[in-house]
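Heads up: the structure comes next, in structure tokens.
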Ligand code: PLP
């Protein structure tokens with residue numbers, strides 16, 4: 001039975017029971033029950049579900065593994081973590097992070113002025129705030145305001161110019177000076193599609209010469225005591241642990257050298273993010289070669305080892321991994337609207353009294369196919385199909401004969417596939433690439449899975465139900481944007497098989513998993529499709545609670561948000577309708593009412609699933 005790689009990517013967060021995927025937590029609700037409950041309120045289109053217990057699980061895992069490594073290595077420094085807001089700034093994600101992280105003193109990382117304001121408003125005093133990215137004088141001043149307001153804030157400088165700006169602000173006001181961090185430019189780079197953050201040609205960080213200059217500048221300005229942290233980040237979604245180990249050795253030695261140079265207040269190494277998430281559904285292509293256990297032990301052991309060798313006291317360790325914390329907490333659920341090869345249904349067969357002999361032969365093959373002859377009959381059918389197509393091109397058979405032949409061959413392939421259960425053989429994979437089913441999903445890939453569109457990042461996808469039935473259809477997924485990039489094609493290397501369903505009789509839902517990191521914030525309003533309806537689901541021992549509904553922006557609001565005046569738009573549409581000819585006044589009023597309802601709904605499809 002196909003479990004869609006659940007054992008690889010789901011980290012035991014989900015399980016399959018009675019043909020449905022369920023949360024593997026407390027009362028274990030099925031995702032389908034949650035979706036059906038939400039849809040009873042006339043909600044259509046894609047739905048994003050948030051599960052705060054999965055954020056808690058990740059935060060707890062991170063802290064407990066570092067705690068274990070610290071105890072095991074007799075490490076003298078402390079462990080701290082901050083959540084980088086760029087990974088997910090949505091209020092109900094951030095609120096869950098703040099709530100679940102409170103007991104650990106979990107902080108926030110900001111990379112822009114807006115994120116800094118958000119961090120200042122959402123962090124409990126005492127929990128750290130780190131600030132990265134390019135900063136102007138205003139942003140530095142905001143950092144001073146945060147420190148003055150009692151926040152434990154570290155401004156990490158990305159270049160010498162930023163340090164000069166901090167000094168300028170400090171000289172111009174009497175506000176409390178924040179802690180200062182220096183991002184070091186390492187020669188060690190990471191690996192993978194997000195590895196550009198490390199290496200000598202990286203966008204950020206100071207070279208050794210610049211670090212020495214920075215120390216001199218700080219000393220001359222009597223601000224060396226504010227310098228508390230060095231920082232590096234070798235890239236998100238680190239596939240391989242080896243580059244991190246090299247980076248740790250390099251950064252550890254820089255730290256020890258700086259201590260020797262008199263940076264007495266320096267007390268922390270911030271190792272940035274990078275902790276990877278398993279996105280793969282196929283054993284042969286795992287996303288990372290290490291566990292959190294190995295990650296935390298390596299960090300603690302290596303830093304400790306360097307400090308011991310150089311006789312320097314152990315620094316506190318900070319991480320900024322956000323993907324690891326939130327990826328799993330969000331699941332995108334999309335209804336399937338249509339299967340595009342349903343035209344091959346056998347009910348559409350329409351034979352004549354006398355059919356071409358090859359077609360009669362196909363009828364025979366289809367009727368008599370069994371598990372002993374299936375491969376042989378399949379080969380015969382494919383052969384006949386080629387001949388029938390040639391006959392059609394030469395004008396010897398008509399369109400109805402051709403349609404009958406296509407339906408029969410299609411059904412023979414399906415039956416053969418089912419009987420042999422051999423859909424991983426090369427021949428079947430090739431056949432499926434040709435005959436793949438297109439599942440139209442009520443969602444936008446640009447809005448909800450932008451990393452798939454931009455970077456080919458795979459996200460685990462599976463149906464919510466029918467999981468006790470072998471899925472036989474090689475599937476590609478089409479979204480509803482009118483853009484041919486809005487497609488997740490069938491990939492024989494990482495095949496997706498879905499079920500044959502009759503959507504006139506039942507709904508069919510697909511879940512996209514591990515979408516809680518970056519996808520929401522990077523999502524694009526291509527075709528003006530907006531962030532889907534979202535809900536937070538709290539699960540307890542006996543049941544679950546759906547809270548925090550945030551509706552997808554309605555059509556007028558999305559137009560308004562890009563600069564149109566929504567009243568002008570609505571008035572114009574109503575005016576055009578009012579002056580048009582209607583036979584009855586009732587029809588006019590009904591149409592006006594319909595128009596008003598439509599513009600107050602979101603843009604996803606409604607009348608089908
Ligand atoms: N810290 C910094 C400085 C980053 O640039 C990033 C993202 O690339 C992160 C943290 C988050 O890393 P991750 O995506 O591994 O959570």
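Counting starts with 1 at the first residue shown.
A Cβ is built for glycine as well, from the same backbone N, Cα and C atoms used for every other residue.
Heads up, TrEMBL stuff is auto-annotated, nobody curated it.
It should be emphasised that the depicted structure is a prediction, and the values quoted were computed from it without experimental measurement.
Going by TrEMBL, these are the annotated features:
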type     : residues : note
ACT_SITE : 482      : active site, proton donor
DOMAIN   : 71-327   : domain 'Orn/DAP/Arg decarboxylase 2 N-terminal'
DOMAIN   : 355-418  : domain 'Arginine decarboxylase helical bundle'
MOD_RES  : 86       : N6-(pyridoxal phosphate)lysine
Taking DSSP helix as H, G and I and strand as E and B, the domain 'Arginine decarboxylase helical bundle' (355-418) has 52 helix, 0 strand, 12 coil
Can you give me the average pLDDT across the domain 'Arginine decarboxylase helical bundle' (355-418), rounded to a whole number? 93
Per DSSP, three-state class assigned to residue 482 (active site, proton donor): coil
